[in-house]
Amino acid sequence: MSLLVADLTRGAMTEFQEKLRQQHEESMHRELEALLATADKAEAEISRKDFDGFKKLFHRFLQVKGPSVDWAKINRPPEDSIQPYEKIRTKGHPDNITTSLNKLAVVKLNGGLGTSMGCKGPKSLISVRNENTFLDLTVQQIEHLNKTFNANVPLVLMNSFNTDEDTKKILQKYKHHQVTIHTFNQSRYPRVNKESLLPVAKNMGMSGNNAEAWYPPGHGDIYASFYNSGLLDKLIAEGKEYIFVSNIDNLGATVDLFILQHLMSRPADKRCEFIMEVTDKTRADVKGGTLIQYEDHLRLLEIAQVPKAHVDEFKSVTKFKIFNTNNLWISLPAIKRLQEKNSMDLEIIVNPKTLDGGLNIFQLETAVGAAIKSFKNAMGVNVPRSRFLPVKTSSDLLLVMSNLYSLEAGSLTMSKKREFPTTPHVKLGSSFTKVQEFLARFENIPDMLELDHLTVSGDVTFGKNVSLKVNDMSSRWPLTFDISQLLKKMHNCSKVRGHLFFH
């Protein structure tokens, strides 16, 4: 009898939960329609497409409970599913480089702001090397490619509502460059009140308090927004077959002719529709997503999907040895096919936040690499670390501004004078967080060719002609200096409050 009661109770709870989910979904739909009613006709047409995508995400969010992966089903990828870059290189360059390049477009994810580095506006407009911005370097790279091989590789920028206006103003300066530049906007989704599960927004406006009611939903939105913009069809009509996608702040993400040849050289029925560049994990990369084999598919596993009990295991550099660089090569016809069949399944990332007024909200996001399981003959390529050179912090900025790298045609390459293949590990303190403060603390960027590790805390300023190195480069343990002693080793260094540790 007790079993029967338990069954009836479970059934009643399931029915109640289903009705509750339906109510939340219906309420959300009503609120979205009310928001659209506040927009003019043109804006409402664009926003309705955005909301269609949001509704699908919200529906799945209500349906799925618990971790999105069963840890027991996770396996290491088969050996042939992640190819070493050296093996790809053995195939050489394409027989006709121009023909192959003319089938390629470069897409840069340009939706982010520079707020984390204390800058206003698009992050892509921050100067990172010789007064060149991320965008300047990107244009120089592609223009050099087009001129060298007499090709027509276009640059496509996926902007967000945060970056679109400022980016388009800057594009005027590239009018006479040998690069065709296209832009499209990723979607604008409503942030959701954590308690009511309804949109925070009161109307479709972007001013005042209503501005923080909206968000760009992560780079996984590229597939839907690219398709909805019409640009996907336009590029296919122009004969483009693949896009190379990367973050605009990754200065190592340049067009690689060896990977392009690997894509183009395979028979049509065995064409690889998706390549994810991965690289060996270090202790600095333990939170990066990794490739796994899951239910007969190659799949991207992000730390947000990992059950809490297995987070330490996920961070292990022995079990999960590689991580996703977010440099991706993707078939354009395959994107079109998957979008039209509505068969691209991306795991939802629930990102909780607290607004300035104290309201707890969440935003639903997806990652571009999560789509790997939906594409045919998908694979990873284990590339050199040099193809992953992101600038997320002022510590990263110091590296790319230094003499560790030489700049040629928009591309940074490690100096041949550097005796070690790896970059130094640099940790700058809170006094260096904002770009303007960072620049004010260096009269010149120090010589870092022989540096292995640098930690700076407190009120430290670097003068001219400073070299950061240790006489005995075989020493692998941290050497700690009092600033007053360190001044004897450096030229023209001022402001002696703070600490520097390097080895």
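Backbone N, Cα and C define each Cβ position, glycine as well.
Nobody curates TrEMBL annotations by hand; they come from automatic prediction.
Long-range Cβ contacts of LYS392 (UTP binding site) within its own chain (separation 6+, distance under 8 Å): SER116, ASP249. Positions annotated as UTP binding site by TrEMBL: LYS123, GLN186, GLY218, ASP249, LYS392.
Taking all protein chains in view, 23 other C-beta atoms sit within 10 angstroms of the C-beta of HIS219 (substrate binding site). As annotated by TrEMBL, substrate binding site applies to HIS219.
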Checklist entry - In whole Å, how far is GLN186 (UTP binding site) from HIS219 (substrate binding site) when you measure between their Cα atoms? => result 8
Checklist entry - Sequence gap of 6 or more, C-beta under 8 Å: which same-chain residues meet both conditions with respect to GLY218 (UTP binding site)? => result ILE349, GLU365, THR366, ALA367, VAL368
Checklist entry - Just how many other Cβ atoms lie inside 10 Å of the Cβ on LYS123 (UTP binding site)? => result 25
Checklist entry - Around GLN186 (UTP binding site), how many other CB atoms lie within 10 A of its CB? => result 28
